[in-house]
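Visitor: Structure below; questions to follow.
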């Protein structure tokens, strides 16, 4: 290294670092000079190179040329293969990107189609839930409406149990009322069974709807992801290299399993809706049949009640007529008894007269005590009067006994008339009580039911993410 260059180096080095001290600069100069002289001495002490012949020189030049030509050929082949690889990979990449976009588009179409199917199915499930809830509420109202007939029937039975004596009979009205009570109990059991089944089916529909909504939500999320992937390009700012993107996530399914899962959800929903429709038809038919049976039994009971009331009125009228005739007969009997008693007194006076005459004629003296025609006439009169008095006494006794019996029977008839009038009053109260059934029937015909389902939803709502 020339001295001028060395000083330039030192100057530059000094300009670069102003913090070096003089001692440091001196040490650096010593190291540079030592290295320079060592290199020069090594070059002077080296031996001269090996001399070659002209043929070796030519061979070396030919070898260099051949090697250069071979390397250029190899380079050309590599360049052509690289260009071909570039073209091929560009085509493959473009094809793969287009094929992937097509697959994404087809997949998005499939997901959208199943999304529409699930939405329609979920909407139908909502409608079926509303219809089943309405039918269930109508059945509950029908069940609640049986409380009035049951109360009326029980009240009628209680009223009729208040009858006394021979009026407390097991008549057709009593039988029909008991039959009506049994029918109402059977109707309540049947309606309650339908209500319980409807509640269970609503739970099934709710579960089915939840499954459909969850599947629908997954379809919408998957569709958003696939549409986002479909909109990405190589120029999109969101793309980047990801760690192990080709891994298989846990819980992955095959396309067949994916389709079968949605098909199972739809099939299960359709089966549940079919069962619900059949259940609604059964409930409607059962309500109509049971209502007809109750109406028929009500008419039969009311007919028996009216018929019984008519018979009791006839019996009361007959008894009143018998009482009136008996009272008339008793009055005439009392009059006749007074007449018999008066005749008996008169006959007793005549007997006294005949006895007195006979007794007085026994006082006749001597031969004048003759049993003459007067004597025989008085004796005959006495015997006749005694027989008459005996007959009158016997008839008077019979009349008095008959009058006493008529009085006793009259008293019993009055008691029975009182019971019949009380029974008629109870029957009338029963008929008045049963008028509540007609008013309740008219009220049921104008009943309004709100259109809501058991979950409180009236439209389709997706699950929250």
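Cβ atoms here come from the backbone N, Cα and C positions, even for glycine.
Note that the coordinates shown come from a computational prediction; the quantities given were computed from them, not determined experimentally.
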Visitor: Check each of the ranges 274-308, 309-343, 344-378 against TrEMBL and return the one annotated as coiled coil.
Guide: 309-343
Visitor: What range among 382-409, 410-437, 438-465 does TrEMBL record as coiled coil?
Guide: 382-409
Visitor: Could you pull the average pLDDT for the coiled coil (382-409)?
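Guide: In the predicted model, the coiled coil (382-409) has a mean pLDDT of 92.
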